[in-house]
Amino acid sequence: MKRTTAVALGSLLAGAAQAQAGSGVVQWGIQKRQQPQDFTRLRKRASTFEEVVTNEDTRGGYFATCKMGTPGQDLTLQLDTGSSDIWVPDSSAKVCRDINTGGCTLGTFNPSKSTTFEVVGKGEFDISYVDGSSSTGDYFTDVFEIGGANLQNMTMGLGLKTDIAYGLVGVGYALNEAIVGNTQSAAEAYPNLPVNMVKEGLINSVAYSLWLNDLDANSGSILFGGIDTEKYVGDLTRINIYPTQNVFTSFLVALTSLEATSPSGSDTLTSQKFPIPVVLDSGTTLSYLPTDLAQQVWKEAGAVYSPEFQLAVIPCNMQNSAGFFSFGFAGPSGPRINVTMDELVLDITNGQPPVFNAGLYKGQNACEFGIQNFSTSPYLLGDTFLRSAYVAYDLVNNQIGIAATNFNSTKSNVVPFPSSGAPIPSATAAPDQNQATNIPSVASPTYAASAGFTDSVGSGSKSAASSMPARFGYTQLGQVPNISLLSRPLPFFSLPPPLLRVAKMRVIRAVAALNSGRAIASRQGARYLGLGCRVAINNATPTPRWTGCEIAGRRHFSGSFPRLAAVSAAEAALKQAKDLAAANMTPEAAAARMTPEEVKRLSRVRNIGIAAHIDSGKTTVTERILYYTGRVKAIHEVRGRDGVGAKMDSMELERERGITIQSAATFADWPKREDGVEEMYHINLIDTPGHIDFTIEVERAMRVLDGAVMVLCAVSGVQSQTITVDRQMKRYNVPRISFINKMDRMGSNPFRVVDMINTKLKFPAAAVQIPIGSEKEFEGVVDLIEMKAIRNEGQRGMNIKITKEIPEELQELAQQKRQELIEKLADVDDEIAELFLDEKLPTNEQIKAAIRRATIALKFTPVFMGSALADKSVQPMLDGVCDYLPNPANVENVALDRANNESSVTLAPYNSLPFVGLAFKLEENPYGQLTYIRVYQGSLKKGTYLFNSRTDKKVRIPRIVRMHSNEMEDVTEIGAGEICAVFGVDCASGDTFTDGKLPYSMSSMYVPDAVMSLSIKPKKSSDADAFSKAMNRFMREDPTFRLHVDEESEETIISGMGELHLEVYVERLRREYKVDCETGQPRVAYRETITHKTEFDYLLKRQSGGPGDYARVMGWIEPNPENSEENHFESKVVGGTIPDKYLSACGKGFEEACDKGPLLGHKVIGTSLVVTDGATHVTDSSDYAFNLATQLAFKKAFSEAGGQVLEPLMKTTITAPAEFQGNILMLMNKRGTIIDTEVGADEFTMVADCSLNAMFGFSSHLRAATQGKGEFSMEFSHYAAAAPHLQKELVAKYEKEWEAKRTK
Ligand SMILES: Nc1nc2c(ncn2[C@@H]2O[C@H](COP(=O)(O)OP(=O)(O)OP(=O)(O)O)[C@@H](O)[C@H]2O)c(=O)[nH]1
Ligand SMILES: [Mg+2]
């Protein structure tokens, strides 16, 4: 597989025996390559210790060189018998473009350079790699030259987005490799390399042989159509390849025995799984065996399993051990291949190896052991095995010829396959192949010492051992010798159909799961290794039992290493890994090891929200952004005549009403010109609704975004919701740039708007542009920093024209506004202040840097201007997003460390840190439950597991998408600092996810209280199911939408942020769920409270036969002096007249009483209850009695304490043409208290506190009073006492209803 990397730049062709070796045979040189130390690209993933370990990049692999295309382009491809296609990185592949990383050093294919290139794929394919990365690409045909032979029509895969710098030449069975991730494409089989060679007459048979050299040597060869009898020793023995469900897909053979030999003797190793289905796979470095067998191998060699590395490790100098393992195939007399220890001990890293810091291996360097464990078949024999075997693959007869390799052969004797279908030349069939299913014969119990096999720990003699035949592993040999498996089919691959496809695809995938660091080796296995062993006392009593027995009597491969204590060595490795991991996990360490690539990626990411007052043009601006960045092909207007509607307003209701209801996310790449070079910025963008009823959408966008564009209307300037979003931006410390939109409108005045930002929002702001022309004649802007004119040209203003000439009449104004900008900056930025005091002019760069600093520090907002509708001057604002808004690394995000008293920890947006993300929004779409996640730290890969830190549940992430309004784009990985959505995750909005390594959670967001409610019920009772399904969904998606069933009336009540909010949900029920509903009158969420202090003394005494109820409570109630919206309970009881347990019952009673106020049954707020004294009864007092007594006492005292009804007051802002001022005044007089009026040139704005009750249906009154030209918005302000007459009315109504219910 494509793990084993390689590079060795200089020696690309050196020693590669590229020769055509006689007729019917093509010989191709293979080279072993090792990664050079300073190859920065490959350090990218070498960040955490675990990653270093699972990253086989460090170990090198076998590569072959070739030419591809006409004219030929040089390539080096990794050799892989585990797959069948040829795959090559395109010259535009991610990694190949970056000169910092050396580009694609092994050569890349440039399709445009090739005159013969032809695409044959049916769409994109997706190859997953062992490390979880993947590549996208297409299939193509072109000329392919290997070993001097030309193949005219090779079909190959072209990787486009890979970050692996080398391609792959697969020589396995020609199974359909074109298995693609994309739905438009079909799986299709293309002839593979050997098949093509036969077709083109280069070789006789679909067969080849493979000779890899040992670790130290560099070369090897692949001989198509023949064998080289000088490259092996002993007999070449033919054994069968086994099919998978009747299809030959991979080099699957039967491993039937395994023996360990050291200078002191031999051991036969057993497994529960013999015969073991193993695949010979040159694309895998390590070999993977069933866990029980692997554990035995480890013990023999002295390797220990490190759970932290998820690998077996071994001291590096065990490489010098004289031992070997002997792999037997195809039955008792089948071929055997010896693999020596020097082939099995491999470096873990390409740098300084880790060191065992305790136990018997203390102080020694730790290496990786070449045999690892795995839990499900197929098992693999990778390069650590294949280097020791000469293998001939015959894909016609489905046989493999295998013999011990002659590592150092310099001679050659090539024997071609005489014809297609001929058996492997010079090979004999394994004699007892049909017995391949036999379990290996075992002469003596494993782990019983053989004669002459002693070690320093003792229990060395055979006789000593036979008295205690302790055996590891799960098979009790004594119990099975008579069971013959001969009649059974080979137990290879009995996979159910869906899995079969996976198995067919290619074996690599199986390893991908295994090697991504999760699937291999159970930790139990590791513990087992250290903690106990099974002991069968003797063969007469074969029942095993667990004892804490010493792991003794195992043999080692070199006399110089005493038997090890597995436990302490494993612990030592574990501890070291932990320490190293901890050191690696600090943001500083992560920052230091960032690759230039990642630094650049991060610096180019912007997560921004667009927020503003309703109708100021957010969606229209966003539509332009999408158009200019190429995300949409045409512009569609909000309420446009074409009836299509803007991209971001995808809901039918939004398009009809021309307002945004749900925030929508998208992303775009903006190529910004910097010093004449285009720099690509990646912008994640959320368009939020302006209407206050949907304010939660703004709230959560601000919670997770790094920056915002505050849009303002050039005529109205700062409006009521501008103030609200300003508050939200301040709440979450979101830096912003401002964009004055609608410069084309009559009465536009950008400088007034700048003033309003300064005065009304009290936020330092200055224009960075001035308009060229105004209103209808608005044509562009002058950039005050560069002092250049910017105008739009071309289709929908697509092109930007920059000229040095500023129109005459604007020159003075430009100078003046530039000066104002500098002065404003001097107020907020020290560097500019100093220059200013020294009367020096800052340079353009200094101004820009100061704007960026001050903006990110939340001290300033640069103001841009334009007209989205007129397609003017949106692009410069987009440049401003890149220039002045922070990248994810510029903002501080914190999480709470649950393991450390919820202390806050800073999160850093680096890929190499453990994952932390926040689910900020849930949405159901036709494909399932979507969860929007902001990735704060670490990267998120498809298929990985995350932990929900609230529920501690583990969830798999099966699919990651980037949202483009209501469309999705699948991605396999999302980097730190970005925004994405995932499928199939059950969670609540605001949940924190981690990779399980960190006990972090993030603070939740602010959710405002509901102010209004409605009773609702489906008209048809048959709709009940759909109704409740819809309601559940809405509640999950929108935390400001709530539902409860009123206990008394049994009505379903929905509550939310306002009339429109509830109306939208009723409408969505109808449209999306086809449920028509009846709704009651909107109800105000009243509150109740008291006005003065009153004492109480309440005795509850009930006797009704049996035990009675007795409780006496005394004390007072009073308005809560601390907080007028919260209740407070306190005990001042002395001398224990009320015991503590009853006091907590009193507290509960008070809480319950406050849930349902005495006047209207609404919540009681701002009330304090103090208990001072009381009395109990020996038998009749109880929690219940005290709870009830407190409730009754409270009720009784409530009216004496001046109980009153509070109603929500709404801050209402009305804007209308000035001529309607009088009408509006009249309207408002009845409804509330006017706080502020402002009369502009043509517009008039009034702000009033109104009772919500008085505002129902206000929109139609306003429409009537202003000829439809007035607008209003409402937002909860505070609670205030309801007018006495209203209070009386409400109480009377409530009592009447109550009475009616009682008498019913
Ligand atoms: N004259 C003028 N009208 C504009 C401009 N930009 C937007 N509009 C109009 O203003 C109205 C509202 O625009 P939207 O883009 O829906 O505003 P919004 O801020 O997204 O509105 P909500 O999401 O509902 O808060 C539409 O009718 C637009 O055509 C502009 O630059 N000039
Ligand atoms: Mg909108």
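Here the Cβ of each residue, glycine as well, is placed from N, Cα and C on the backbone.
Of all the Cβ atoms in the protein chains shown, 28 others lie within 10 Å of the Cβ of ASP80 (active site). Annotation comment: TrEMBL describes ASP80 (among others) as active site.
Cβ contacts within 10 Å of ASP281 (active site), excluding its own Cβ and spanning all protein chains shown: 29. In the three-state DSSP scheme, ASP281 (active site) falls into the coil class. Annotation source TrEMBL lists active site at ASP281 (among others).
Residues or ranges marked as GTP binding site by TrEMBL: 612-619, 687-691, 741-744. Listed in sequence order, ILE610, ALA611, ALA612, THR660, ASP687, THR688, GLY690, VAL711 are the same-chain residues six or more apart from LYS618 (GTP binding site) with CB atoms under 8 A from its CB. Mapped onto three states, the DSSP output places LYS618 (GTP binding site) in helix.
What TrEMBL records for 811-838 is coiled coil. For the coiled coil (811-838), the predicted model reports an average pLDDT of 95.
Among the features that TrEMBL reports, domain 'Peptidase A1' is placed at 62-403.
Residues or ranges marked as domain 'Tr-type G' in TrEMBL: 603-889.
Look at TrEMBL and you will find 1-19 tagged as signal peptide.
Counting only same-chain residues six or more apart in sequence, the Cβ atoms lying under 8 angstroms from the Cβ of MET743 (GTP binding site) belong to ALA714, PRO750, PRO771, SER774, GLU775, PHE778, MET865, GLY866, SER867, ALA870, LYS872, SER873.
DSSP gives HIS691 (GTP binding site) a coil state; it is part of no helix or strand. Using a 10 Å Cα-Cα cut-off from ASP80 (active site), the recorded positions that qualify among ASP281, ASP615, HIS691 are ASP281.
Distance from the CA of HIS691 (GTP binding site) to the CA of ASP281 (active site) is 61 Å. With a CB cut-off of under 6 A applied against ligand 2, the recorded positions ASP80, ALA612, ASP615, LYS618, HIS691 are reduced to LYS618. Not one of the recorded positions ASP80, ASP281, THR688, MET743 has a CB under 6 Å from ligand 1.
Other Cβ atoms within 10 Å of the Cβ of ALA612 (GTP binding site) number 28 in total over all chains. A 10 Å cutoff on Cβ-Cβ distances gives HIS691 (GTP binding site) a total of 24 other Cβ atoms nearby, all chains included.
When Cβ atoms from all protein chains are considered, those within 10 Å of ASP615 (GTP binding site) total 20, not counting its own. Just so you know, the Cβ of THR688 (GTP binding site) picks up 30 other Cβ atoms within 10 Å once every protein chain is counted. For the recorded site, MET743 (GTP binding site), the DSSP three-state label reads coil.
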